[in-house]
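Straight from TrEMBL, the features:
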type	residues	note
DOMAIN	20-237	domain 'Glucosamine/galactosamine-6-phosphate isomerase'
ACT_SITE	ASP78	active site, proton acceptor
ACT_SITE	ASN147	active site, for ring-opening step
ACT_SITE	HIS149	active site, proton acceptor
ACT_SITE	GLU154	active site, for ring-opening step
Amino acid sequence: MGVMTETKINGISLVVAPDANAAAAIVADRFASLITANPQAVLGLATGGTPVQTYQQLVQKVQQGQLSFQSVQSFNLDEYVGLKGDHPQSYRSFMNENLFHQVDINLDRTHVPDGAAADLADQCQSYEAMIREAGGIDLQLLGIGLNGHIAFNEPGSAADSRTRLVDLTANTIQANARFFDTIDEVPKQAVTMGIGTIMESKGIVLLATGEGKSHAVERMIQGPVDVELPASILQQHPSLTVVTDPAAASQIQMA
Ligand SMILES: O=P(O)(O)OC[C@H]1O[C@](O)(CO)[C@@H](O)[C@@H]1O
């Protein structure tokens, strides 16, 4: 069993855990501590393959009576356009299955953009307003795409972008095809929080695991701040922790 290392690079706290499970445990503990300290915390949540273990560990803590989500509020980063919340591949369904239906959260206090709304522009504005009314996000969980996207902010997204309708890149459609029967079923558009929205979170924890993410992780932490690698903009956040396994950290030049 390896050891955990913690370093600061470019103002970012980097925690390299011995393996993906330990990385998930570190992130789950961070959320659990926040909720314990502030039962009414406002959580920013993410979907994708990466956070699944983190959610499992949070579910275990609730089942063991160590944690309660009763008074928290949550906001998810994004949702596919055209999928209703009850579609099995919608991010609402993902969250219900992987977390919300397994913990004592009040579903009315969980928010996922409605990708099937008739007026998507209005949906985006009201999502921003709800985050503001909740007092902002206390801790935002992020993953990272192979091309450095965060939420569905693809390369070229402006640093001050807000919740909006976006087109997905061919790269992202390909990466997410594994969750659908055929690639043609992957929606081509999404509603996503903007980079500006994400940057207003009080704290951010980004979880990345696996060799495939290593180049994006290195460029996020050690590359120039560049809209072509959206996650690099996070270097300018005052409270960012990146948690990885050794494989995802393998391209980082340690001092
Ligand atoms: O965790 P995964 O499945 O590799 O996805 C990485 C990122 O891609 C997205 O799923 C969007 O494509 C993000 O929500 C996620 O952070």
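Using N, Cα and C of the backbone, Cβ positions are placed for all residues, glycine too.
Note that this is a predicted model, so its numbers are computed, not measured.
Features per TrEMBL, on structure.
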| residue | record | contacts (Cβ under 8 Å, 6+ apart) |
| --- | --- | --- |
| ASP78 | active site, proton acceptor | THR47, TYR91, PRO113, ALA151, PHE152, ALA190, VAL191, THR192, MET193 |
| ASN147 | active site, for ring-opening step | GLU154, PRO155, THR169, ASN171, THR172, ALA216, LEU229 |
| HIS149 | active site, proton acceptor | PRO155, SER157, THR169, THR172, PRO230, ALA231 |
Per DSSP, to which secondary structure element type does GLU154 (active site, for ring-opening step) belong, with helix, strand and coil as the options?
coil
Translate the DSSP assignment of ASN147 (active site, for ring-opening step) into the three-state scheme.
coil
Counting every protein chain shown, other Cβ atoms within 10 Å of the Cβ of GLU154 (active site, for ring-opening step) number 22
Can you tell me the three-state DSSP label for ASP78 (active site, proton acceptor)?
strand
